[in-house]
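**Student:** One structure is given below, represented as structure tokens, and several questions about it will come after.
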Amino acid sequence: MYISFACEKKMSENEAHTLLVDKITEKFHDYSSSSDSDGEVPSNVLRIKKHLFGRTESVHNVLGGGKAADLVLWRNKLVSGAIFSGVTVIWLLFEWIGYHLIAFLCHFLILVLAVSFVWSNAASLINRSPPKFPEVILSEDIFLQMAQSIRHEINEAFITFCYIASGKDALAFVKVIAGLWLLSVVGSWFSFLTLSYIAFVLAHTVPVICEAYQDPIDSTWYKFMDQSKSHLTKISVAIKEAIKKIPHHPKQE
């Protein structure tokens, strides 16, 4: 009876070890197998053309389709060029010349006030109408909407952090760790202002390039993704085989 109980216990421990091996590699297989199953299309059905990041709309619609999208996509080259040039000048003042933010704001306000003051007093002498200053009143609803949006984003960030930290998604954990590490490396190379300027430049160049060269970029991206999934599958198989080779010693009583 004792021998039978020991054999059953050993079998249960071996089954638990096998389940542990399968669970470790399950997430890798789920990602690759689900992607492959999604890509299977019957021969009698035309394959739908894929776009970058799985989007189904145009770049303009993805960016919101409003005036902001028009600026980013350089629909009005004069306005977009003026904004791009202004931000570049500000970056050069702060980063290369060593201008300080408080000094810049004070000098800018001094210039605006001086021009407005002189214009208002000299208008009557040269028979010109004085400048008309718009009445700017910020409504309470704007700040409430901004506060709600910020609160929503912070809550989503906390939820995502707790989900990843709980260990439920190994692939997401690896992606976040790799992204944070890459960001720390890049952040050690540049200042925060330079990183902000680089992000601004990318935001005003990458969408235009994606819209102009949409087909070759989509084709190259999905070729890269297919190769990555293939390598990921091979790595998961190798990890599973390596874990199986680890000797398992059941506890002795």
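One-based numbering along the chain as shown.
For all residues, glycine too, the Cβ spot is worked out from N, Cα and C.
The shown structure was predicted, so the numbers you read here are calculated from the model rather than taken from an experiment.
Straight out of TrEMBL:
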DOMAIN    68-253  domain 'Reticulon'
TRANSMEM  78-94  transmembrane segment
TRANSMEM  100-119  transmembrane segment
TRANSMEM  176-200  transmembrane segment
**Student:** Restricting to the domain 'Reticulon' (68-253), report the mean pLDDT as a whole number.
**Tutor:** 83
**Student:** With a Cβ cut-off under 8 Å, give me the same-chain residues at least six positions beyond the ends of the transmembrane segment (176-200) that come close to it.
**Tutor:** 87-88, 91, 94-95, 164
